[in-house]
Protein chains: 2
Amino acid sequence: MIRYPNGKTYQSKQTNGGMSHQKSIYSNRGMTLEEDLNETNEFYRIHGIAVVHKKPTPVQIVNVDYPKRSAAVIKEAYFKQASTTDYNGVYKGRYLDFEAKETKNKTSFPLQNFHEHQIDHMKQVVKQNGICFVILMFSTLQEIYLFEAKFLFPYWDQITTGGRKSIPKTDVEKQGHFIQFGLHPRIDYIKIIDKLYF
Amino acid sequence: MIRYPNGKTYQSKQTNGGMSHQKSIYSNRGMTLEEDLNETNEFYRIHGIAVVHKKPTPVQIVNVDYPKRSAAVIKEAYFKQASTTDYNGVYKGRYLDFEAKETKNKTSFPLQNFHEHQIDHMKQVVKQNGICFVILMFSTLQEIYLFEAKFLFPYWDQITTGGRKSIPKTDVEKQGHFIQFGLHPRIDYIKIIDKLYF
């Protein structure tokens, strides 16, 4: 261990250097949107801000082996399509529900990223007065937006009448809310929700 | 198809006869608590009353096979312990969260049915002002109660100070709310929630 004259270790200085760490996250994050949201939700839970979890991947279990003296092993199972969005939880008593998607596109967000049953679920949640939105990430641009479900529905519904199959980036910017990447939490969506609903 | 003189079919008369159907459900239900709750939640969703889903069983996927021209097969996976309760959703904008458990005991409800992390999760939800409760079924007696999480915590916490490891049935009756089995929905817990919170 290398020590400076003031007694601080070389290592602790490096990890304390917020700026350089932040820089490396911003320039080449190497994180997935899911990991960022998991970290964010954990931050919210630890600090008593909100309780939000990602739902487990739904799996249809067909065959399970129960070996003696060890854990059950699932030997055959299939991925099922989820009937809801991926994330839900509670903030100040209100129900939160959202889906997170990313695109490499730079000028629009493709709606094929969503499934009919997810949109149906979001419509049910909005009717029940839940707070429902999507987190849209333009991964090439490294930009993230919170986009309320009520603004998503018209774009989705126009597809059936022959309309375009994506949301123009300019519309995402106008109707959505830009979320600045942070260190802790990484994607502070509650800040936006707080402004919009409380 | 057999027809009565009035034109009604024999079959339709049978399925319309609520009483006999109801009787058979009450006397020998042959349904699991989970099935009853799934039916109840589906009823709520279809009628726009509430949006509540059971979370998928969490599974740690280790090995997946991707055969040509057919669906991916999970070849090795393990059951993980859930970090939350099984059910959550939204009712009139408020966050709902609950766990359902059953016992064959007649005089008390054993607390071993719950896990530490589930109680921790429920405490977080209550702090966040979510509506949190457990559905307790005494399966031998065919009695179901809604028991608010805030009343469950003292019983749980007393275990660590050497207290009893179950809730006396008389306490469940006093602090909890009896739910009468129904046909549709089968376990109308929203009726209780509506009285308690709205």
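Using N, Cα and C of the backbone, Cβ positions are placed for all residues, glycine too.
Non-local neighbourhood of B:Asp86 (Mg(2+) binding site): B:Lys54, B:Lys55, B:Phe98, B:Glu99, B:Ala100, each in the same chain, at least six residues away, with C-beta under 8 Å from its C-beta. TrEMBL lists B:Thr84, B:Asp86, B:Glu99, B:Gln118 with the feature Mg(2+) binding site.
The annotation compositional bias 'Polar residues' is assigned in TrEMBL to B:8-22.
What TrEMBL records for B:1-22 is region 'Disordered'.
If you look up TrEMBL, you'll see B:Lys101 marked as site 'Transition state stabilizer'. If you take the C-beta of B:Lys101 (site 'Transition state stabilizer') and look for same-chain residues 6 or more apart in sequence within under 8 angstroms, you find B:Phe109, B:Asn113, B:Phe114, B:Val134, B:Ile135, B:Leu136, B:Met137.
Filtering of the recorded positions B:Thr84, B:Asp86, B:Lys101, B:Gln118 by Cβ separation from chain A (threshold: under 8 Å) yields B:Thr84, ordered along the sequence.
What surrounds the Mg(2+) site, by Cβ distance within 8 Å of the Cβ centroid and not counting B:Thr84, B:Asp86, B:Glu99, B:Gln118, is the set B:Lys55, B:Ala82, B:Thr85, B:Tyr87, B:Asp97, B:Phe98, B:His121, B:Met122 from the same chain.
Within 10 Å of the C-beta atom of B:Gln118 (Mg(2+) binding site) sit 21 other C-beta atoms, taking all shown protein chains into account.
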